[in-house]
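As recorded in Swiss-Prot:
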| type | residues | note |
| --- | --- | --- |
| BINDING | ARG6, LYS7, ALA23, LYS27, LYS31 | ATP binding site |
| BINDING | LYS31 | L-methionine binding site |
Amino acid sequence: AGLTGRKIIIDTYGGWGAHGGGAFSGKDPTKVDRSGAYIVRQAAKSIVASGLARRCIVQVSYAIGVPEPLSVFVDSYGTGKIPDREILQIVKETFDFRPGMISINLDLKRGGNGRFLKTAAYGHFGREDPDFTWEVVKPLKWEKA
């Protein structure tokens, strides 16, 4: 009867994007359900903003107690300017998907868990707010044809 996981789909993309089933709300940023979703959001936004693709999804999978992700996957749905495997390589060179590093690189512990109260209304994505560090686009280096 707890509150964790009550609005999983609304917290993300309202059913438009794929979702692994892990909840964000009620979890601290060390949990990959939350931090993993944030880093793949930043990676996907950066791919599109850099012009590598018009649309994409970035997926990451983890196992408990394993410090590295089991897999990272990119699908540009055929909109990529270069092959998806090359986009994936650029993403892996730019983003650190290790759980501990996500928290550090996105500064997720700043301000304690109180900063996540804002996510209770209007979700976790799509807002320009200094506390939503995962919404900041990182420049990606690639050779434009």
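Every residue gets a Cβ built from N, Cα and C, even glycine.
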What's the number of neighbouring CB atoms sitting within 10 A of the CB on LYS31 (ATP binding site)?
16
Translate the DSSP assignment of LYS31 (ATP binding site) into the three-state scheme.
coil
